[in-house]
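As annotated by Swiss-Prot, substrate binding site applies to ARG80, LEU118, GLU170.
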Amino acid sequence: MPHSMPPAPAPIWLVQSRLSPFPGTAVANWLFDEGSLTRRLTRLSHNAFSVTPLVQEWQTLRNDECAALGLPEQSEGWVREVYLRGHGQAWVFARSVAARSALLEGGLNIDELGSRSLGELLFCDQAFTRQPIEVCRYPRHWLPAAVADNGLWGRRSRFDRGPLSLLVAEIFLPSLWTAIDARPEAC
């Protein structure tokens, strides 16, 4: 008889003031930077930045996402998963979600972004308000198999504009830290 494993617990997302132990300075600098990650990655890559869409579809949102968006568990929403790349290397895995009802009311065509960065949209539209950044060690089983690793730092923020809330999670992959070590002046 096969033995089934219990589901892995969801991570505990924490704001900066509640985080302990605190990551090193270089990691914290990237985790808690409130500017555009797209712009920062573009600068680090000397404009060799690109976005590779992995998933763009309606799905049942994870319970931690529903809680962050103030939705009932098992709510349906738009899920967009991408790699943010520098020089063709996946530096960041990003997952953005929004409730179906909020997207319909909010007038944002997130499903039409394709290979464009969501960050461009969020930081160019001054009507969006960013909520506090939360961080965690992102669960390996939530990552694409090609980059699945234990203990990777992730961050997330909710961006609000009227009835629309988008939850954006960004997981920093080992290749990013390698690039930062090679080009500290570009950070």
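Cβ from N, Cα, C; glycine included.
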Note down the number of other Cβ atoms within 10 Å of the Cβ of LEU118 (substrate binding site), including every protein chain shown. 21
Residues flanking the substrate site, with Cβ no more than 8 Å from the Cβ centroid of ARG80, LEU118, GLU170 and excluding those residues themselves: GLU81, VAL82, ALA94, ARG95, SER96, SER117, GLY119, VAL168, ALA169
Can you tell me the three-state DSSP label for ARG80 (substrate binding site)? strand
Which of the three DSSP-derived classes (helix, strand, coil) applies to LEU118 (substrate binding site)? helix
